[in-house]
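> If you look up TrEMBL, you'll see TYR70 marked as active site, proton donor. According to TrEMBL, the feature substrate binding site maps to HIS128. The compositional bias 'Basic and acidic residues' annotation in TrEMBL covers 1-25. What TrEMBL records for 31-286 is domain 'NADP-dependent oxidoreductase'. Marked as region 'Disordered' by TrEMBL: 1-41, 279-299. What TrEMBL records for LYS95 is site 'Lowers pKa of active site Tyr'.
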Amino acid sequence: MATIGQDERDRIRKSLNESRVELPDGTRVPRLGQGTWNMGDNPAAAQEEIRTLRLGVELGMNLIDTAEMYGEGLSESLVGEAIEGIRDEVFLVSKVYPHNAGRGRIARSCEDSLRRLKTDRLDLYLLHWRGSVPLGETIEGMEKLVKEGKILRWGVSNLDQADMEELLGLPGGTRCATDQVLYHLGSRGIEYDLLPWMREHRLPAMAYSPLAQAGSLRKGLVTHPAVREIADRHGVSPFSVMLAWCIRGGDVIAIPKASTERHVLENARAAALSLTEEEQRKLDEAFPPPTRKKPLDII
Ligand SMILES: NC(=O)c1ccc[n+]([C@@H]2O[C@H](COP(=O)([O-])OP(=O)(O)OC[C@H]3O[C@@H](n4cnc5c(N)ncnc54)[C@H](OP(=O)(O)O)[C@@H]3O)[C@@H](O)[C@H]2O)c1
C-alpha cells in the first residue's frame, strides 16, 4: 500500500485543480489522467488495479481513458467497477474501433461500452484511429450520439496534421475536442507540426504512452543522467520527471497507465513538479526536439 501524507495529497490535488486544460467547449480537465490499456486482463490483479484507479481519482487524476479494444471490453468492465459510486467525479473517455465507427455500428459500440462501464454517458468518445470508414460518416454518428446524450463530446486519436485538417474541413468537424496521440520525451515528432497546428486551432492534445510504456527503461529515458539528475534534485522518481515534462506546456493532457498504487502516486507527483527553464534546456539537449517533419508515431 502506497503511503501519502495529507499535506502532499492536498498539494497534488491543488496543482491539478488549478492548472486544468480547457477543451474547446470550455470544459476543464486535469493535465494528468489515467490510462487503462491491459487493465482487467488478469483477474488476480483486478482488485489492485481498481484500488489504484480510485486512488488516482482521489488525487485529482480523474480523467480515465479506456477503449472497446482493450481486452475486448475487459478494461471497460474493470473501469466500470472502479468508478462505481464515483461516476460523477470522473471524466470518462472511451474509444470506438475504426471498423465500428460507421453508420449502423457506432451506436451499438457505444451502447456496449456504456453497459460495460455501467454508466449512461461518456464524457468523451474517440475514434481510435483512422480506418476505411469516411471521416464524415463518423462525425455524423458521433453527433447523433451527442444529440441522444450518450456522449457529451467526441474526438479522434492517431490522426496526423493532414488528417486533422481534413477532419476540421468537414461539416461538424470543428466540434472535435482533442486528438489523442503518442507523445513522450523520446518521441517528440508532434512538436514540429501537429502540436503547433492544434495550438493554433485551440485543440488540446492528449498524450498517450507518456512513459513510453515499459520502454522508458529499455530506451534509456528514465536512466538518462539528465532525467536522473532532475529527479534527484526534486526528490521524485524519473517517471515523474517524464510526466512533468509532457504536461509542461499547459495544454497537453497525459494519461499514464499505472496498475499499482506506488506507481500512480509517483505519477501524480508530476502535477506538483514544475521544471525550470534550465532543466527543460538540459532535457532538450538530451532529447532534441524535431527539426523536420516526421510521420506520426503510433503504437
Ligand atoms: N489511442 C491510442 O492508440 C493509445 C495507444 C496506447 C495507449 N493509449 C492509452 O494511453 C495509456 C497510457 O499508455 P500506455 O499504457 O501505452 O503506456 P505508459 O502509460 O507510457 O506506460 C505504462 C507502463 O509504465 C509503467 N509505469 C507507470 N507508472 C510508473 C511509475 N511511476 N514507475 C515505473 N513504471 C511505471 C506501467 O507499469 P504498471 O502497470 O506495473 O504500473 C506500465 O508498464 C494507455 O493505458 C491507454 O489508455 C492509447
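The backbone N, Cα and C atoms fix where each Cβ goes, glycine too.
Unlike curated records, TrEMBL annotations are generated automatically.
For the listed features, I'd like the structural context: burial, neighbours, distances.
According to its DSSP assignment, TYR70 (active site, proton donor) is helical. Counting only same-chain residues six or more apart in sequence, the Cβ atoms lying under 8 angstroms from the Cβ of TYR70 (active site, proton donor) belong to THR36, TRP37, ASN38, MET39, GLY40, GLU76.
Spatially close to HIS128 (substrate binding site) yet at least six residues away along the chain are ALA67, MET69, LYS95, VAL96, TYR97, PRO98, SER157, ASN158, judged by Cβ distances under 8 angstroms.
Sequence-distant neighbours of the compositional bias 'Basic and acidic residues' (1-25) (same chain, 6+ residues past either end, Cβ-Cβ under 8 Å): 31-32, 55, 58-61, 153, 175-178, 202-204, 250-253, 260-262, 264-265, 268-269, 271-272.
Residue counts for the region 'Disordered' (1-41) under DSSP, helix first, then strand, then coil, are 13 helix, 6 strand, 22 coil.
Under 8 Å from some Cβ of the region 'Disordered' (279-299) lie the Cβ atoms of residues 129, 158-160, 181-182, 185-194, 208-209, 213, 221, 224-227, 229-230, 245, 248, all in the same chain and six or more residues away from its ends.
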